[in-house]
């Protein structure tokens, strides 16, 4: 092997190593920033157990909102057709947050409850994002849930 071929070989090896390193770093960065959406039924079934941070989506159970008198801490239940998950959030809630409202909370499970660091409320109680509608429809036996589904008030 002459000097030119050796030089090209080392150049190709260096470029391939740099590309592999770049792909690995990008994959790790994307994996840390991904936030999967789960419903309360999926959380109860243990589907979210492997994730430190995830999104919880569903409806705010009527009458479950409790505000602390001495802080901005709010607790409430997020429900779907089959389950409910207790959520704790410290901060200012969106103006559209209320009972029977579609909500997505970003956070983590801690001591049997979901501790949210962000809460997003939807514009209308009949609106449901496609991702949440699809996730809730998976656990629903029977007709699929339409995008303009009525709020769930009978789940405890």
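Keep in mind that glycine also has a Cβ here, set from the backbone N, Cα and C atoms.
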For which of the residue intervals 9-29, 30-50 does Swiss-Prot record transmembrane segment?
9-29
For the topological domain 'Cytoplasmic' (1-8), give the DSSP counts of helix residues, strand residues and coil residues.
6 helix, 0 strand, 2 coil
Mean pLDDT across the topological domain 'Periplasmic' (30-156), rounded to an integer, is what?
81
